[in-house]
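A short worksheet on the structure shown next.
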């Protein structure tokens, strides 16, 4: 899935650059500039739909990639694993600030609710939120800085990816048995290159299908309404890939507790290398660990479903 993530990043940066050329980061113009891109720009609708749904595929790939790393004990390559978790956090930040850009109802309220979580930090919380917003509510300064961040972060992701790969290159890749694979090395081309191209096709075909036939399947209809600070949508919820964390946040009555649990649900990944106590690296021959692993997967799916 690593190669798929690379292709995702490339696609997102390309479509994103094309979108940025037609986008205006101003509260009065942002919504109509996106509408203009979809209506009047050559293939603007396709570029926008590919960019929006590409994010979903990016998250599908990264969750599968992490799950695979979990199952086969890849977290024992500590540097690779830690840079990977940092990559995940950066990706989440990028997706969050990007979702605010069309400045629809859900964009505005999602941004408001999530940035508001910083106010749970004792003493300095409220000041921090107002500093992040650039005012007393999400407004023009908020949108412009979110656009700047959304433009910058993917390039940071790209550079972190290089670091991630450099660390991986130190140890070489892992395999389902968790044994040395030096004797199994084969030329990259034509073997692995064709495997990668097959993966690209298997991913890009559903992406194109989704973008062409039902581009709004995963989006929220609230976002077709321009942002209005005076009207709160009936149910504020993030895109599906954040629902598990959002469900954790909302299930805890205390604000600070919820924020800590939300952060912990992702940051727990940093602890994985220290929690490995088995003599075997992978879960291939560890039925009990497998049971716990699939329980975790089921939990995440249930949380995602409950969060919606």
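Glycine too: its Cβ is placed from the backbone N, Cα and C atoms.
These numbers come from a predicted model, not from an experiment.
Feature annotation (Swiss-Prot): of 104-124, 125-145, 146-166, the stretch labelled transmembrane segment is 146-166.
The transmembrane segment (194-214) shares the most Cβ pairs under 8 Å with 45-66, out of the stretches 45-66, 81-101, 256-276, 288-308. Secondary structure at residue 164 (heme b b566 binding site), taken from DSSP and collapsed to helix, strand or coil, is helix. With every protein chain in view, the residue among the binding-site residues 65, 150 whose Cβ has the most Cβ partners within 10 Å turns out to be 150. Three or more CB pairs closer than 8 A are found between the transmembrane segment (256-276) and the transmembrane segment (81-101), so contact between the two stretches is assigned (pairs 6 or more residues apart). Each residue contributes its Cα atom, and for residue 169 (ubiquinone binding site) and residue 65 (heme b b566 binding site) these two points are 17 Å apart.
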